[in-house]
Amino acid sequence: MKLLKEKVMTEGIVLSDQVLKVDSFLNHQMDPELMREIGGEFARRFAGEEITKVLTIESSGIAPAIMTALELKVPMIFARKHKSLTLKDDILVEKVYSFTKRETNEITVSKKFLSDSDRVLIIDDFLANGEAAFGLARIVEQVGAAVVGVGIVIEKSFQPGARLLVEAGYRVDSLVRVASLEDGVVTFADELD
Ligand code: 5GP
């Protein structure tokens with residue numbers, strides 16, 4: 001996705017060989033126009049899949065996920081990372097190791113928002129080792145619903161998440177694929193094709 005690639009090139013900050021900071025348009029300040037484009041792009045890519053719900057994880061997945069859900073005209077659910085006092089019983093729980101926080105969180109979704117007839121599109125901001133995406137997929141599968149695919153805004157292709165998800169049978173569609181962050185430079189995968 002050209003617009004997103006330009007944003008990453010002009011505003012992305014390489015924090016290390018492993019971590020890219022995009023807090024000017026996705027992870028802190030958010031760019032609504034760009035989020036709308038992202039939602040439209042995911043909706044186009046997954047058109048015809050009869051998606052009934054979009055699922056993400058708080059907090060940075062929420063903006064791209066809600067825009068995608070708006071385009072697909074379906075509800076969006078975000079998994080919570082911290083137990084809510086109002087979310088007591090009837091919850092689906094999975095453990096997810098956080099790449100950025102280096103801690104394991106229990107992510108939760110209320111059972112009342114997913115059923116075995118749902119066809120779910122998982123959306124997240126980044127894909128690194130696939131922990132978040134696998135955790136969300138396990139939540140969907142706990143109720144016997146189908147994971148239609150995983151839509152990622154920025155995939156770091158040098159980390160194993162995309163490969164592991166594809167090997168597990170999931171469709172992964174990433175809007176930009178970063179091949180390397182070495183020497184403080186963002187190299188995109190399609191520049192190496
Ligand atoms: P994974 O679960 O695939 O290992 O990592 C993906 C999650 O970690 C995303 O939800 C995202 O919040 C965070 N993450 C992973 N890599 C990066 C990165 O390079 N930059 C930022 N800002 N977040 C990342």
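From the backbone N, Cα and C atoms, a Cβ is placed for every residue, glycine too.
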TrEMBL xanthine site partner of Asn27, Lys156, selected from Leu20, Leu164: Leu20
Per-residue pLDDT averaged over the domain 'Phosphoribosyltransferase' (47-157), given as an integer: 95
Three-state secondary structure, Lys156 (xanthine binding site) (per DSSP): strand
Rounded Cα-Cα span from Asn27 (xanthine binding site) to Glu131 (5-phospho-alpha-D-ribose 1-diphosphate binding site), Å: 18
Spatial neighbours of Asn27 (xanthine binding site) that are distant in sequence (at least 6 apart) but have CB under 8 A: Lys21, Ser60, Asp125
Cα-to-Cα gap, Ala128 (5-phospho-alpha-D-ribose 1-diphosphate binding site) vs Leu20 (xanthine binding site), nearest whole Å: 11
Lowest local Cβ density among Ala128, Asn129, which the record lists as binding-site residues, within 10 Å: Asn129
